[in-house]
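Engineer: Can you read through this structure? Questions will come right after.
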Amino acid sequence: MVKRNVDLRSDTVTKPTEAMRAAMAIAEVDDDVLGNDPLALKLETEMAKLMGKEAALFVPSGTMGNLISVLVHCDIRGSEVILGDNSHIHVYENGGIATIGGVHSRTIKNNDDGTMDIDLIEAAIRNPKGELFFPTTRLICLENTHANSGGKCLPVEYIDKVGELATKHDLKLHIDGARIFNASIALGVSVDRLVQAADSVSVCLSKGLGAPVGSVIVGSKSFIAKAKRVRKTLGGGMRQIGILCAAALVAIKDNVPKLATDHHNAKLLASELNQINGLKVDPESVETNIIFLEIEQDSKISVESLCKNLEEHGILLMQESSSRIRIVVHHQISASDVNYTINCIKQLVCGYPLQNGY
Ligand SMILES: Cc1ncc(COP(=O)(O)O)c(C=O)c1O
Ligand SMILES: C[C@@H](O)[C@H](N)C(=O)O
């Protein structure tokens, strides 16, 4: 019997708010491929200014934003990109940079905090003297926050150091900033300062910001001009996108201020769950809106049965492995939803049937 709907699978699951729907309904639109959609231009201008870059481009997804960025930076055959072995680009984007872009990946181990050791990055840069044997390194990719590390924030000092290394070796730096606003709020660093060293950033509108669709890539005017062409090649040029950009403009205005609450709710959830025997989560490791919950071997309940039982009570989680569950908090998860989730998990893990009224 489903009691309520608490969707903690991802921050991609949010539904458009009434304010977004109202803005979409009255959105002024035109053909964006022909460069005339007024709200697309307004969103791109606003995002470029927010991120401290010359220009911006709306794209249908974060995956396409990363793919376009890598393809623009690595537009010469035989290019190589240095990226994390646990990065979204490497793990969850179907190897698109290789299958579509012909770009070779050189992975470096991601540390638990989402960074890659800078000395290992520098050691991985191909020496041009070896050109007879080696691909040519042209790009370094970072991810902030780092999703598979549990939403960890890469400090601005680290990003600046990687930027200096890229400049030293005449490379470009791309940031997968799907959750860059989460990092900005958690670190207390303005988003434009956080990405200052980057040549390009892909920013998801459809994650913590809560827009229904889309991402924006930002960079130099020259980069964005090339990106626009690659977007069209990939079929990402769309027509009356003002309907989508209207929602995104509302999302930026209304939801960036809510990210701190998402982080607070995630930390509260993590600290309460950590007190339940059979569960393990480090509340100190929760920096933003993502929690990785481990079910201990001697627990009375398995990951599968916990997720299934919770689903029957309207609580949706993402099973990551036989012992790990991912929980992602977003602006449509209330404090009451957090308490409901804690009570349901507590009852189930401690082996009690759920009481009515939870
Ligand atoms: C870190 C990160 N980058 C990129 C993406 C891709 O975004 P999209 O799902 O819009 O393709 C995601 C998740 O969706 C993500 O978590
Ligand atoms: C699964 C992954 O692609 C997505 N970005 C998420 O975090 O939900």
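Backbone N, Cα and C atoms are what each Cβ position is placed from, and that goes for glycine too.
Bear in mind that the values here come from a model prediction, so they are computed numbers and not experimental data.
Annotation source TrEMBL lists domain 'Aromatic amino acid beta-eliminating lyase/threonine aldolase' at 7-294. Marked as N6-(pyridoxal phosphate)lysine by TrEMBL: K207.
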Engineer: What average pLDDT is reported by the model for the domain 'Aromatic amino acid beta-eliminating lyase/threonine aldolase' (7-294)?
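Structural biologist: Averaged over the domain 'Aromatic amino acid beta-eliminating lyase/threonine aldolase' (7-294), the predicted model reaches a pLDDT of 97.
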Engineer: Check each residue in the chain of the residue listed as 'N6-(pyridoxal phosphate)lysine' that is at least six apart in sequence and keep those whose C-beta is under 8 Å from its C-beta; list them in sequence order.
Structural biologist: S10, D11, T12, G62, A178, R179, H330
